[in-house]
Structure formats: structure tokens, C-alpha cells
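Q: Here it is, the structure in full.
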Amino acid sequence: MKVGYLGPAATFTHLAVSSCFQNGAEHVAYRTIPECIDAAVAGEVDFAFVPLENALEGSVNLTIDYLIHEQPLPIVGEMTLPIHQHLLVHPSRENAWKELDKIYSHSHAIAQCHKFLHRHFPSVPYEYANSTGAAAKFVSDHPELNIGVIANDMAASTYELKIVKRDIQDYRDNHTRFVILSPDENISFEVNSKLSSRPKTTLMVMLPQDDQSGALHRVLSAFSWRNLNLSKIESRPTKTGLGHYFFIIDIEKAFDDVLIPGAMQELEALGCKVRLLGAYQSYQL
């Protein structure tokens, strides 16, 4: 089994893949989210594993838009990973980490550790990299430089770096959601037995073109009177002009034979365009 993921190695996406699939799955890194999804469509890999949402930074719009407008792959699973940011240095700098000349990482990682950096390195410049994994590799490859990197445990072990400060992120409850995509919506796969799971269904709903008054209220009512709990509703532009949006709706329930199909039929009767994006298990560490 091959799993494509947003690379490079030792990023949080790679860590999530490794935490989810632990039975000999081959991990294949891709440079971008579209390349990863395209690889699954082309059959190069069995699954595409890409980020969907971060608790602090919000949704990964590229993932959502590519699934809606370019490659409508079904969501067959979801993985939520807690995000722990650490300060790493080359082993030769372990005892002098407080005198770093520069700190490398992805822009999001640096932003998520602002308080720690302001307190301990108020005048040290930052160097932004394409990913935390790429930044860790650079630090590992340049022991002659007095530099550090913000990254995860996997980056430390992969590139033989020392963790000098753990959990330096500003907020302890930061998590990232990743979706598992496959051309085969009925594909089965084994996950780490230590993961907990719950069912989830995700829909795309586009309001009627005539934009009737109260249309969104009627959409929500179709779920409300059926006691279907929505964990998320988010709008995205349809890319057909200002003021035109579709909605991504997460339902905390397995796709059944009555309630969710009934809600979908009611929405279609209202003139909405409705698409099932996936009915799947959501896994958490």
C-alpha cells in the first residue's frame, strides 16, 4: 500500500501519516497538495494524505478548492494530530543554544511560537523555509552555522538534531486535521490500533442561483429538525463571481439510509446543488 503525502520528510503531515498507517505502508512525498492529489488520481499511490484545517491558522483553502473544482476525490478517512513545536539544534550546539544567530522554520511554526521567541530570542532574526522538515534538514546539513529550527520529534530523529526546548508553542490545544483521499470510496485500510475514531459525513452545498431570501436558514433547518449535529459549516467562493459561495458541512454522524439522504433530498428540492464529499471515520491520537 502506498500513501502519498505533502512532503518533504519529517513534516507534521509525514508525522500524521506515520501515526495513522503503521503496517508497512510505503510513504511517498510530494512537493504540493495538487501533486499529491493528482498522484492518487493517476494511480501512483493508493491514498493522498493532505492537510485540511489547523486550529490556529484555519482551513487549508487549497485542499478544499482543489477537491471541489479540480479533482473530486472522495474523503475516505480523517486524522487529527496534536501539534507540538520544539526548538532543535545541531548536537554540536546543544550547550550553546541560548546564543543562536538565526532560527529557521515554516512561517506558521514561527508564528505559533511567538511568545517563546519574543521572551528568549527578542533580537534573533528568522529565516522562513517551505516546511519544518526542510528547515530541520538545513540545520542538520550546516553544523558550522549557529542556528536552530522549530520542528517536531520526527524531524529531530530523522536529521539527528537535539531538542533543547519542548512544547514552545503559544497554545497547547493546537491540532491539525488531515484528510485521506482515494479514487475508491469503498477502499479498506488498517490504522494504528491506538487511535480512537468516530464517524463523520461531509457535504458540499451550493445555494440556489437566484439567492432566495433565507436560503441559508432553510439549509440549516434541514439538518436541525432531523437532530443532525453539524461540527462545521464553512463558505468558500465558487469562483464564478462576487457573492457566489458553496458551503462545506461536516455532520457528526455516519451516512445512513434515512436522515442524511433525506436532508440532501430536501436541500435539492430547495434548488441547492448537493454533493457527498465523504462518509468516513475520523481518527485521533
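Glycine too: its Cβ is placed from the backbone N, Cα and C atoms.
Here Swiss-Prot flags 2-183 as domain 'Prephenate dehydratase', drawing on sequence analysis. Here Swiss-Prot flags THR176 as site 'Essential for activity'. The domain 'ACT' annotation in Swiss-Prot covers 204-281 and is backed by sequence analysis.
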Q: Over the domain 'Prephenate dehydratase' (2-183), what is the model's average pLDDT?
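A: When the pLDDT values over the domain 'Prephenate dehydratase' (2-183) are averaged, the result is 96.
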Q: Tally every other Cβ atom lying within 10 Å of the Cβ atom of THR176 (site 'Essential for activity').
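A: A count of 22.
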Q: Can you tell me whether DSSP puts THR176 (site 'Essential for activity') in helix, strand or coil?
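A: In three-state terms, THR176 (site 'Essential for activity') counts as strand.
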